[in-house]
Amino acid sequence: MTPSFINPVPQSPMTDHPIRPAFWNVPLWGEIGVYVLGFTAVALLIAGILRNRHLWLRGAEDPHPVKDRRARLFSVIADVFTQKKIRETSAGRLHAVLAWGFFLLFCGTALATLDWDVGHYVFDAQFLQGGFYLAYKFVLDCAGIAVLIALALGAARRWSKESGLPGDARFVCAYLSLAFIVLTGFLVEGIRLAATLPAWSVYSPIGHLVAKMLLACGLSEAELRLLHTWIWTIHGISSLAFIAAVPLTYYAHVYRTPAGLFTREEKPAGLLRKIDDIEEQETFGVSSFSQFTTRERTAFDACTECGRCTAACPAVRAGTPLDPRALIVSLRDRMHMEEKTEEAAALPSLEETVSRDALWSCTTCGACSRACPAGISLPEIIVNMRRHLALEAGDFPEGVANALENTASVGNPWGLDPYERLDWAKDLDVPVAESGVHYDVLYWVGCAASYDRRARKIARSMVRILKAAGVNFAVMAEERCHGEFARRLGEEYLYQTAAQENIGNFAQYDFDRILTACPHCFNTLKNEYPSFEDFRWPVVSHSVFIDELMKAGSLPYVKSEGLSAVYHDPCYLARINGIVAEPRSVLNSVCTVLKSPAESGERTLCCGAGGGQMWIDRHGSNSVNVIRLKDLRASGADTIAVSCPHCLTMLESARAVTRDAESVSISDIAELVAAALPEEGASK
């Protein structure tokens, strides 16, 4: 006689009335095993998550933790479930389908558990029956198919020659394991339908199809029941093993990425946190893994290796040693080595993990951060490591040391006479700020427009525009470099010294706001100088200011007939500060045709000047500025319009490299607007 505990338990027989048949054909040992292994799997999952959390907490204390945790939690939940950031690319939309399908399958399992363990045992009633159960079956079948299609298309993309994505054993296991669980789930359902032949089986379209194929094979009910027991067991063990193993697999990103999103810093994209009490610090920046903060270590684990950062990075296109994805993955892998040993001497050093050349290749353009669905801010991580190289090791790339020394000694990176700073304005009768006099606008010229022969035309054009509009403005004779390029190179001390000197000079004068034609000046003054208590003035970009003047009817401009322009968005204006519409509004007012390159707006391609790269000797036919010039020229426009003196310089330099000086002109927005002013409204 067969022992009763291995016989199927007939608690929920299949009938023509639609109702979920919990544990159909499952022996008692199967029921018990589900709960025992289920609790074990969840316990192992939680243990893995806690082990990860312990690894993150080994980092230095985060000086700027999340303030409103509740609001951040709701924000992360919204990001995860809407997949808003992820859906920006076709591959991301495929991931969204996979995520939503998997979520529906998870919800289906949760509902089934509630239906039996709560509905049946507690209330002696099941809610998964009737029309609701039929809809439930149909939706879950559709979700399963969506998951399989997304996996198939994702695999085809990942292992294509063009993808550039990692395809090692981790990803093979990730794709096959999830596909196996879904397929065995369909098979279990199909066998059950084949054995019981309910009238409503068509509402489970995939299960119905599988049942028809099994019946076509001529299997008896006994054979179907035996097969069902085996496949159900395999499916159950696989599913629970999948849950338990999540922290050890690629699917760990289902909790690591939300953790990274939750801990990301709340601040403007263009703000680097300053080193407080810098003169009292004994160390600067990051030189070892113990100095990375909890937030940064969480960010290492948040990476999904999707490759968006690498695809967006201009340094990668130029063939430099920097690869954002590889850098983050290297930091992550090194961090996880600490799980095996806590002896720092037995682990690779930071210098061995991240190459010096990779650190010095970053333009801090923010393209990687903008593209990253995990919210990782790599430029800040790189700048923190640069701070150690700059302030402790004195290790700079060729060309940088002179620019820094010049800025420290005479207030500009070229080392030119500070008394020549206003030479560009000698014949323009430009008002120089005086104490006791009120000005609506203090025009911050910047080093490039003050000293660079080509960029000086921007300053002269701005003066023409301001005078034509009747703006009450002045420039400041004491102006010196604001220190932004030094800061991005890691020289925080020089930056803070320059900032304090400039803020002291601002305080001497009475004005309402600061106007600047340089996005780097704009970002530094607007987002970073407020870190100093005495800075209190609003800052406006020249493209926004000119747009205001035009819309107010203050500028008597005349549209240039036949002028065709393509606009290059500066990184620090468009991507980092979100100023995209205003420059286009200005250009549409003075140009007949305005074009945009494929990479524009917040997705603009860097010119290659940022992050101190303008002072690093890195030129050639494949440099970042040459790549960008080729993109802009492909538009067929007569003029390349820019709104940054550094972009202007880099694109002009690219023309010299490519020996293509006559094919297209390059002008700042201010120059194009000044040229559109009638003679009587423009100064010389």
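For all residues, glycine too, the Cβ spot is worked out from N, Cα and C.
Straight from TrEMBL, the features:
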type     : residues : note
DOMAIN   : 294-324  : domain '4Fe-4S ferredoxin-type'
DOMAIN   : 352-381  : domain '4Fe-4S ferredoxin-type'
TRANSMEM : 32-50    : transmembrane segment
TRANSMEM : 94-114   : transmembrane segment
TRANSMEM : 134-156  : transmembrane segment
TRANSMEM : 168-188  : transmembrane segment
TRANSMEM : 200-219  : transmembrane segment
TRANSMEM : 231-252  : transmembrane segment
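Only pairs six or more apart in sequence are counted, and the transmembrane segment (231-252) with the transmembrane segment (134-156) gives fewer than three Cβ pairs under 8 Å, not enough to call it a contact. Packing against the transmembrane segment (134-156) from elsewhere in the chain are residues 18, 20, 91, 94-95, 97-98, 100-102, 104-105, 108, 111, 128, 175, 178-179, 182-183, 185-186, 200, 203-207: each is 6 or more residues past its ends and has a CB under 8 Å from a CB in it. In the domain '4Fe-4S ferredoxin-type' (294-324), the DSSP tally of helix, strand and coil residues is 19 helix, 0 strand, 12 coil. Each residue in the domain '4Fe-4S ferredoxin-type' (294-324) has a pLDDT score, and their mean in this model is 96.
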